[in-house]
């Protein structure tokens, strides 16, 4: 069965999701996108990407549609998600990637329009279920869960890092810092912003700011609820981020034991979600990788303190998790 997908919001994540689906999934079909931008601009930004390069097929704009190779994708321009004709288009799952409709009550408008399920590409409020693949996807219940949050890009990396370490040696408490690429929420030049640090020029500064990843961990790993705290350092790179997790463990361990746990996870149950690397990487090395990467060489143990580091492409990796999640949900429709 081919699962029919609608994308609401054709920005960085929406276009990355489109590319990820085109690159690797014959089980999913993108049938429509909704965005208030004009069609020629949307087609151009899909065809030419500053990070991912040229789209591998010809992309052209048509009246009310984008043509990609021999496929035609309908383009809608509705402000109100409840007015979208998902039912008429036969859409099974909507990927909500505007960053606006993160409240489940608003996202549910897609269901009112005929979609069967909604995946919110962000942390959400009031959702039926928040999922990090490899951590709690086994708890997904198609009968009870209609509005599903895919958490954040950082939570997807942190969740796997924390789960593997917690299963191996037990986590008592910890701190996480994500050194994160700048995003559209920041300013190109100094300008007003509700977060006065994010008000500063993104390409010129290291910008300390908040991260909701620690709170979200409690949703996907309830045994760690309230045990982790976190913040972010936004840095002047366009994509490619790294999570530094430092914890107090419940028992003594060694660098070798920690590495062995991650090596086993990467070659076993987390294959495709987590890779194990010994090479001395920098951020550009992981751009375009769909998995999070455990950097074995940065592992440290000092008494009861353990530090582990995981890289992730905050755009491409997260978009691939959205495709994985849509495939999982689609398998039980």
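Just so it is clear, glycine is given a Cβ too, placed from its N, Cα and C backbone atoms.
Its own atom aside, the Cβ of residue 314 (NAD(+) binding site) has 26 Cβ atoms within 10 angstroms in the protein chains shown. Per Swiss-Prot, NAD(+) binding site is recorded for 12, 13, 35, 79, 314, and the stated evidence type is similarity to another entry.
Per Swiss-Prot, D-glyceraldehyde 3-phosphate binding site is recorded for 152, 153, 154, 183, 198, 211, 212, 234, and the stated evidence type is similarity to another entry. Around residue 153 (D-glyceraldehyde 3-phosphate binding site), a 10 Å sphere centred on its CB holds 29 further CB atoms from the protein chains shown.
The annotation active site, nucleophile is assigned in Swiss-Prot to 153 on the grounds of similarity to another entry.
Among the features that Swiss-Prot reports, site 'Activates thiol group during catalysis' is placed at 180, with the record citing similarity to another entry. Taking a C-beta cut-off of under 8 angstroms and a sequence separation of 6 or more, residue 180 (site 'Activates thiol group during catalysis') has the following same-chain neighbours: 154, 211, 232, 233, 234, 235, 241, 314.
In sequence order, 12, 234, 314 are the residues near residue 183 (D-glyceraldehyde 3-phosphate binding site), counting only same-chain partners six or more apart with C-beta under 8 A. Binding of NAD(+) is attributed in the record to 12, 13, 35, 79, 314, and the widest Cα separation among these residues amounts to 27 Å. Under 8 Å, Cβ to Cβ, and six or more positions away along its own chain, residue 35 (NAD(+) binding site) finds 8, 9, 10, 11, 14, 42, 75, 76, 77. Comparing the binding-site residues 13, 212 on other C-beta atoms within 10 angstroms of each C-beta gives the minimum for 212.
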